[in-house]
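Notes follow the structure.
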Amino acid sequence: MSIDMEQFHQVFFDESQEHIQEMEQLLMELDPDNADPEQLNCIFRAAHSIKGGSGIFGFDALTGITHVMENILDGARQQSLKMTIPIVDCLLSTVDILKDTLDSYREKQPVNQEAITDGIKKLENVLEQSGGKKALAIEQDEGFGLFEPVAKEGEDFGFFDTEEEPQVIPGDHLPQSVAKEGEDFGFFAPPEDESANTTNTNLVSGIAKEGEDFGFFEPVNNHSVTNAQVATQDKSKQAVAEAPAKRALKSTPTQSHNESSSIRVDTGKIDSLVNLVGELVITQSMLALIGENRESRDEAKLQSSIAELERHTREIQEAVMSMRMLPVSFVFNRFPRLVRDLSTKLGKKLELVIEGGNTEVDKGLIEKLVDPLTHLVRNSIDHGIEMPNVRIEKGKDATGEVILRAAQKGGSIVISIIDDGAGLNRERILNKAIEKGIDASDAMSDAEVWNLIFAPGFSTAEQITDVSGRGVGMDVVKRNIESIGGRVEIESIAGQGSEFNIRLPLTLAIVDGMCVGVGDQIYVVPLVNIIESIQPQPSQIKSLTKDKLLWVRDKYWPVIPLYDCMAIDNAQLDPADAIVVLIESSKKRFGLMVDRLLGQQQVVIKSLEQNYRRVSGVAGATIMGDGTVALILDVESLASSVDLNKIERLKHE
């Protein structure tokens, strides 16, 4: 029997990534002066599992460095080694190496052997300086090595039925330490007490024995991989930072931003979906029965069954969509480490506050948020938060605060990056814009001035650092957010701080909308943005050249003719003969003038940009029930065309 071990690689990669996240979380939370034994045990188990799995799959670089890491953690567990901030820093740097190495194996790219070698040396130096014992080199026993060809050549493990006579393999008695009770495959957390031993056991009987494992996923504890086995002897330039850094925050696990095709789903959601499918099958059977009995067809029963079918379909759709939703903490949890590192690097005192981490976002959005958020957080810390002495002079607390907040507002998810720093400098931004030849003037509103920072190559930084200041990021941030249907909005008060708000659609797939007609065309307006629809009277309309205002409920609403936005000729030109849909966007309210309302409908969003190109004012397209194509309007884009200053002038004329 031949076994392809590569089929298990993805499971190992996913679970190892979770172990790495867990290690980073716990190391960030660990108090070196009073280390919690349970935290140390959890960190040890995570490293232990990675080492075990990497051993069976032949990922030697991971095996070697996690083995030395494990020695340090075991010393701390046994209280023969005292945890210190430099040791925690070294372990965190090792976690970074584990991330990069795991990514290399996942992508089938060469491993950075220099980083592995340097990481192992740093760990061993820490171990020696702390009075621990340096890891011993492995001299693999005959029995231990017999599994290597199994993993690499697809041989069976000796306990499957085959037509061939079983062979007696030299060294078929596993070493005591390999077959010891409680060893795992690298995927399951081993018991805390790993000292229990068993007598040497025959391979087959040892595997079959209850409570025993296969032994080959976990390298032996009293063996170590030498540097030569896992890396070259050259020193890496990526040295592990040894300088102590005061941790200013507690964190939650980081999340690798490699896009993954897999997703963990709560079993409750799956059970709900299975039940709904069962209900759908019953309803389908009822409809089939009614269809067969044409002579005795009961119209009332038919309508009832159709209503049931619609309800079940809607519930199944919601259940399936919920499976794509992930808490935004998957993104937020990578930032405590970033803030900690920047605090040390820049000499600033920082506190990170995370709010709304349980807010759920579509998985497709989650994976594309990491880079834009990282850039915005780095900018807030580098440009926004002042140095401690400057903050004290301004009457502020020496510790700067950065808030990451997520909340659902209507049909959108709003993610905010807030700092209590110096705020944006309006005059400096305008001067820099004029210097770069960008059309700018003092007459611009604050919001318009803030948006200038999204111009390519724009930066007001006096000094270029490796943190920020090159002006190659904010335009990319805006482009990336807009590519997933989002918007970036800025609010800032000089001397008090800035707030960057990212507005994202709740889901990328389905939207409830109002179908409207203009000329011969059909458009869909998201229901979440609609306040009401009215047919205005001539007395309610005020005009000046091409601009129109609608007087509704003691206030003027700017009117946007949809025929003008979409260049449609055969449409109603007089608002008194048309329908005005009152719309609320994130910042503005306006009336959208259309010819007629066609009714509400749930539509599936198809990307227009992927199949054609990006069109201003259009969020996507959908196929209607009769097969026609309708465009889904981008309300935020339409709102951006409303000139509120002009509206104010019209009000007084």
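From the backbone N, Cα and C atoms, a Cβ is placed for every residue, glycine too.
Annotated in TrEMBL:
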COMPBIAS  251-263  compositional bias 'Polar residues'
DOMAIN    1-105  domain 'HPt'
DOMAIN    258-508  domain 'Histidine kinase'
DOMAIN    510-644  domain 'CheW-like'
MOD_RES   His48  phosphohistidine
REGION    229-263  region 'Disordered'
Q.
For a quick check of packing: other C-beta atoms within 10 Å of the C-beta of His48 (phosphohistidine), how many?
A. 26
Q. Mean pLDDT for the domain 'HPt' (1-105), as a whole number?
A. 86
(Q) Taking DSSP as the reference, which of helix, strand or coil describes His48 (phosphohistidine)? (A) helix
Q: Could you give me the DSSP helix, strand and coil counts for the domain 'CheW-like' (510-644)?
A: 23 helix, 70 strand, 42 coil
